[in-house]
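Structure, as structure tokens:
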Amino acid sequence: MFLKGYTSNVVLIILTFFILLTKEEKNIKNNISGYCFLNFGLKKNAIIKKREKQNLKLFCYNGIRIGQGYDIHKIKVLDEEYNTYANNDFNKNEQSFKTLTLGGVKINNVLVLSHSDGDIIYHSIVDSILGALGSLDIGTLFPDKDEKNKNKNSAIFLRYARLLIYKKNYDIGNVDINVIAQVPKISNIRKNIIKNISTVLNIDESQISVKGKTHEKLGVIGEKKAIECFANILLIPKNS
């Protein structure tokens, strides 16, 4: 009796499994399963109608690339005591304090410790471009141990990254930048920064966003000892 009931249950399970497989195969052929993934709240008929109306293409990668860049540097405010030179434990080369440059704009009352000109905005954008293109990072391409890069204008790095975009047949969709600093006040120089980035990258100013955030006087940034920047970029294939 037990064996008979067990056999019946096994047959029922196999039959149910077969029906589900057949149904799923039909859904795959009709490309319904993918639509169920995107529109799990809709009934099947509604999904089919929506498909016919919008002619959606699922799981289609069109080559769009996104990159993120970051940079941070030590700073000194001129109304505070500072040394003109400082040793970097992570680098055998001696880095020097120089006038801070942000997006090509000189900030005369703030010094930055760096090997090149220390423009964290340009550096972050370069790194975001390199990341989006799957290239090497800025520190590898332009090492701070190389004397050729000492005090170098970071616009040169940015032009190099722009050339890579051109060679790989991409256009810039937009650039989004976040500067985290207690000083200087970004709103006072935002327009000039955007104009400079627009010129170097050869894109419209409307494609660039520059935002400034303080650190609420917390940590080394809040104590005016450092400044950092995040940059995100969207690259679009020219043939899309």
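Placed from the backbone N, Cα and C atoms, the Cβ positions cover glycine too.
As recorded in Swiss-Prot:
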type: BINDING; residues: ASP71, HIS73, HIS123; note: divalent metal cation binding site
type: BINDING; residues: 71-73, 115-116, 137-139, 142-146, 181-187, 212-214; note: 4-CDP-2-C-methyl-D-erythritol 2-phosphate binding site
type: SITE; residues: HIS115; note: site 'Transition state stabilizer'
type: SITE; residues: THR214; note: site 'Transition state stabilizer'
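Here ILE138 (4-CDP-2-C-methyl-D-erythritol 2-phosphate binding site) comes close to GLY69, HIS123, VAL126, ASP127, LEU130, PHE157: these same-chain residues lie at least six apart in sequence, with C-beta atoms under 8 angstroms from its C-beta. Here the binding-site residues are HIS73, HIS115, HIS123, LYS213, and the one with the most other Cβ atoms within 10 Å of its Cβ is HIS123. The Cβ of ASP146 (4-CDP-2-C-methyl-D-erythritol 2-phosphate binding site) has 13 neighbouring Cβ atoms from other residues within 10 Å, across all protein chains displayed. Sorting the binding-site residues VAL183, ILE186 by the number of other Cβ atoms within 10 Å puts ILE186 first. Most Cβ neighbours within 10 Å among the recorded positions ASP71, PRO143, THR214: this distinction goes to ASP71.
Checking each of the recorded positions ASP71, HIS73, THR214 against ILE186 (4-CDP-2-C-methyl-D-erythritol 2-phosphate binding site) by C-alpha distance, the shortest gap belongs to THR214.
Across the structure, VAL183 (4-CDP-2-C-methyl-D-erythritol 2-phosphate binding site) and HIS73 (divalent metal cation binding site) are spaced 13 Å apart at their Cα atoms. Rounded to a whole value, the Cα-Cα separation of ASP71 (divalent metal cation binding site) and LYS213 (4-CDP-2-C-methyl-D-erythritol 2-phosphate binding site) is 15 Å. The DSSP secondary structure for ILE138 (4-CDP-2-C-methyl-D-erythritol 2-phosphate binding site) is helix. Listed in chain order, the residues near the divalent metal cation site other than ASP71, HIS73, HIS123 are TYR70, ILE72, SER114, GLY118, ASP119, ILE120, SER124, GLU228, CYS229, each with its Cβ within 8 Å of the site Cβ centroid. When secondary structure is read from DSSP and collapsed to three states, ASP71 (divalent metal cation binding site) falls in the strand class. DSSP assigns VAL183 (4-CDP-2-C-methyl-D-erythritol 2-phosphate binding site) to coil in the three-state reduction, placing it in neither a helix nor a strand. Nearest to THR214 (site 'Transition state stabilizer') in space, judged by Cα atoms and limited to the binding-site residues HIS73, HIS115, PRO143, ASP146, is HIS73.
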